[in-house]
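Colleague: Before I ask anything, here is the structure I am working with.
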């Protein structure tokens, strides 16, 4: 990136100029941001600008054209027109305006019109309005200026380069948004726990604890500090992976989370795979033969799957498959892969049902599109139409939904983990909430939210590369 | 060739024929379930009562099969269903005594040629009332009943008779577009049973009043069109029936059920298996599971309702503002809601409950906060679309203020997707409520709530599995009903399917 700035060609400078123009048009915030990032350059160029200002001709030409209009008597014609317009308007709305008010309105309109017309003329004469903004843009176009200012303005150029390509811009903005969300989540969860009326010190030390003991406890864990200090401490702890020790048990929080997180993730990913393998073919079959017996059966089963409370499903599974039939163990054991089967099925059920329903509706929408009819009309057999044209287009919303549902599944894992006695992150949070063990809950919730945000970020970015519709939309907007 | 293709089409568009198959499959499924349950595998014996139920359901199934055959014959020969086939529906109505709501409602719909929405409402109002009488009737086997019991049951029987009468009157006099003038006071009177939670009578009353007043033909047509679309979907109707039945049951249960049976410990009857006195058995404190489940419906519906309506109002307003103003307002509101959206609902609820303690109010708040963003997104998308319509433009040109444009013109026109969304998420809220209670994070443990009941049941899974099975079935049925009803509403409101 730096090299392309250091060896500017006319192309890069044109590109920079274009991006600069686009960004400043997008809103004030971008203008301010560019100004701050390029502050070292601006200090010098502002001086240069005021030094040269005396030599510009814009003001003279402007005055000349203005005089011309006044001399032509154009003003009176306009005045007449606007007066008529204002009178009609007043009579239509039944407003009674005094002559004074009327004149004032007309004057304003005439002045506005004059300014517009003159500016149009001046522009036609090839002169740009000489503001600092225009001056700086002219400078950006020159190659020598770029070479000189490359080092001091590196931050500003970096931003311009990021925004010069719609893809890079999209990824950059999406990453920024994710960072904002992650910070927001951490702050929100911390704030909720901070304003809690519950007192961890009392819960751990017991009712008989003396005030000194409680004070000591609070000082030890920094609970006596003001809100902002605690927030800063927690945020920096979260992002440096050092949350200290838990209130009860004195274990290292990050170490326990690192132990438990893979267990949850493992089960969640297996459930996701199971759901995708079952649900997508089911959804496609339902959509190809809508309102058939098979479709009804699948969709009713899917709706039942969506309506079953996962903990109850877990209990029933344990009852039938563990206690009665003795096929699978009732509780989770990392050494025995058979013990994974029940939790994976239970966790994946509702996800599977949602994906099947989503696949069906998305496929139905696609199947009625014109291009599918075209494909059929040109003689492709149905299998090819479905596999080549329909599924590929129907998959786009499905993958987004899978990304979103994956998050819900990680959250819902806490219930399943409790039923099957799995020591994952979900049951860890539930166990810690009774105290409440603030750093442990904060860590658990925020790390799950971060995982979800990153998964969704990756899905979004992958789309930008694969979906031509999103690509063309980005180009248009940029 | 032409006749056959016509017959196929005719069979497809004849609702009675499609519903016959529907009733057939459900009765068949239930008879199969009864057959399986009639044999006690562990003691190698037969349960005679269940076997009787199996035989009744089997006969019903065969009878419905016979009806579907004769409908097919009628349609092939005469192009419409003959009266002698319709008469076959009357015996089916009696299956309500065996609890077969599918067959009896099919019977009611078969006997009348004139099927207005009001006819269906009257039929389901009657069925709801009969089911409530049936469920409350189990209390007769208890050692004593609550003081208001006889009065309440008497009222229910009177109501059932009134609904049966209304059914006949509506079939005779109400048409798709009008009702006779004297139906107006009848419609007003029929609004009173709403106090018992029977919302079908509310719908019946409103429909009758609308049609009897003959004020606004377009609104009658809208009403007729909307309901006939929703009622065409049998699953949606049964979902609606079960929701209203549960609602009505939880409204009237304080007058027919004794709360003491559900909460007071009775150490002389610990962990009893199902008998007539304790239809679903008792738990480890000797509390009657049946009464507990009935009272649990109350709390599930309350939590489900509030944790849907609160985020729908907050999220809906935020979404409307953000969709209407767009640009910066939109950006700020939606980015802030993205933060909420990034935390899974259950985890956020756990964090909130961890901070403020486990009780019903906190549970409602915790569940509400998490679902604000989804409502805001739904509302925003609809409002963005509607703000571009001409009637908004014209309201603005007439000088209406922004707030009046949003709340008087845009919001009423964008309610349909919100209603569908809300119906579909109440089910989710019911599941979350019981899940959190199951974890010990929801409703206080002493309140009979389905999740709490299941929590006790889970400890007796090996020995007394019915303690875990029945409350779970109730949760599933209620959620399933909300989902079916929501799907039906979506199909009716969605312009794509129209």
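Cβ atoms here come from the backbone N, Cα and C positions, even for glycine.
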Colleague: Give the range, chosen from B:182-209, B:378-405, that TrEMBL lists as transmembrane segment.
Modeller: B:182-209
Colleague: Based on Cβ pairs under 8 Å, which of the stretches B:230-252, B:332-354, B:463-486 lies most in contact with the transmembrane segment (B:87-109)?
Modeller: B:230-252
Colleague: Short question: which residues 6 or more past the ends of the transmembrane segment (B:148-170) have a Cβ under 8 Å from it?
Modeller: 108, 116, 118-119, 122-123, 125-126, 129-130, 132-133, 136-137, 139, 183, 186, 190, 193, 196, 198, 201, 204, 208, 252, 255-256
Colleague: With Cβ-Cβ distances below 8 Å as the criterion, list the same-chain residues six or more beyond the ends of the transmembrane segment (B:230-252) that contact it, or say none.
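Modeller: Sequence-distant neighbours of the transmembrane segment (B:230-252): 15, 19, 22, 101-102, 105, 117, 120, 124, 127-128, 131-132, 135-136, 152, 156, 196-200, 294-295, 297-298, 301, 477-478, 480-489, 491-492.
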Colleague: Looking only at residues six or more beyond either end of the transmembrane segment (B:121-141), which have a C-beta under 8 A from one in the stretch?
Modeller: 96, 99, 101, 104-105, 108-109, 149, 152-153, 156-157, 159-160, 163-164, 166-167, 170, 193, 196, 198, 200-201, 203-204, 207, 237, 240-241, 244-245, 248-249, 252, 256-258, 276-277, 279, 290, 294
